[in-house]
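J.: Sharing the record's features from TrEMBL:
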BINDING   6, 165, 166, 207, 208, 209, 210, 211, 212, 213  ATP binding site
BINDING   46, 133, 145  substrate binding site
DOMAIN    272-354  domain 'PUA'
Ligand SMILES: Nc1ncnc2c1ncn2[C@@H]1O[C@H](COP(=O)(O)OP(=O)(O)O)[C@@H](O)[C@H]1O
Ligand SMILES: N[C@@H](CCC(=O)OP(=O)(O)O)C(=O)O
């Protein structure tokens, strides 16, 4: 399974004022165990602001955006250094990927971020993602890492999103305020009753409370990814959640991944058209990728990441897909073998013009 794991500040601190190293060791061990069992893990980790506060010896907090950005700039380094050291104990290499809302809105940036993350996975590198707090002003922020982790799960079409926090799961009311509250083990549909349980922002250290976790569950489940919200301090919690054990709260997927991808590809008016030769049209119909050798013509202007129409020699539209090269560059590589791309363009975004993962057959 491809799993996105989100760790909130509350988990990383384990109720203290600083990064709780033993907790981080334990979570890294679980990531390593799942990888050894053949799963792929992508980590979305909070904790930069907190780590910056710790690194600067706990200055008085003013809670302004400028202060948070400064603390995040300091703390992101501390956070990555800590992860890199711990991961190394298990022979795992890590990559830092800092994203903002624009990386999900802008198609070219989206595709670039996705290519980087998939590249990490191909090489067995563990990507560790956070919001790029140091530069992201309020208007361009995703705002909280629960939502960010759901966007990442969609981007990578993850099989599961696990959000670990300091609560045992979603409760019938905020358990801090209402001791009678009970755990909801399974949510089939996120309706008004579920939203009513969200409460306000969470702990003084965390950002979103349950509200953003339900929001994240909604985003991910609609796109076909089930979500588990579970307590970060339970023994082997991440391993057990991935193995399908009932713990915390599990949100069932409500949409399908294919539908979500279709919406993304079809959502754009596609002015660009690629004229294919017979072999290429057949390869696409057989669920293959489109290589430059099978492109006979390129019509219109489009950028990398934009949707293009794919036309067979008889003019029939075979499908639509995301172009991996911009129109002008495609004109230069059309009809050539993929191995010549780098020589022709001076760069190379991979052998495919349209990858089969980015393709909808009509
Ligand atoms: N219905 C609910 N069920 C469980 N926890 C809730 C609920 N409503 C609010 N909360 C609060 O949300 C907190 C977790 O959110 P937060 O502090 O932002 O954590 P994190 O840092 O992991 O993102 C819990 O400690 C809990 O007090
Ligand atoms: N990006 C911020 C965390 C934002 C956030 O959503 O925090 P949390 O609610 O603890 O997951 C940081 O690294 O400090």
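The backbone N, Cα and C atoms fix where each Cβ goes, glycine too.
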J.: Near residue 145 (substrate binding site), which binding-site residues out of 6, 166, 210, 212 have their CA within 10 Å?
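T.: Those close enough are 6, 212.
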J.: Using DSSP, what is the helix/strand/coil residue split across the domain 'PUA' (272-354)?
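T.: Taking each residue of the domain 'PUA' (272-354) in turn, the totals are 26 helix, 23 strand, 34 coil.
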J.: To what whole number does the mean pLDDT across the domain 'PUA' (272-354) round?
T.: 95
J.: Among the binding-site residues 6, 166, 210, 212, which ones place their C-alpha within 10 angstroms of the C-alpha of residue 46 (substrate binding site)?
T.: 6
J.: Tell me which binding-site residues (6, 166, 210) have a Cβ under 6 A from ligand 1; sequence order is fine.
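T.: 166, 210, by Cβ distance under 6 Å.
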J.: Whole-number Å only: compute the distance from the Cα of residue 133 (substrate binding site) to the Cα of residue 212 (ATP binding site).
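T.: On Cα coordinates alone, these residues lie 17 Å apart.
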J.: Of the binding-site residues 6, 133, 212, which ones put their CB under 6 Å from ligand 2?
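T.: The ones that qualify, in sequence order, are 133.
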J.: Largest pairwise Cα distance, Å, within the listed substrate binders 46, 133, 145?
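T.: Maximum Cα-Cα distance: 11 Å.
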J.: I'd like the Cβ neighbour count for residue 46 (substrate binding site), meaning other Cβ atoms within 10 Å of its Cβ, all protein chains included.
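T.: Residue 46 (substrate binding site): 29 neighbouring Cβ atoms within 10 Å.
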J.: When DSSP states are folded down to helix, strand and coil, where does residue 133 (substrate binding site) land?
T.: coil
J.: Taking the Cβ of each of the binding-site residues and counting other Cβ atoms inside 10 Å, which one has the highest number: 133, 166?
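T.: Of the binding-site residues 133, 166, the most buried by Cβ count within 10 Å is 133.
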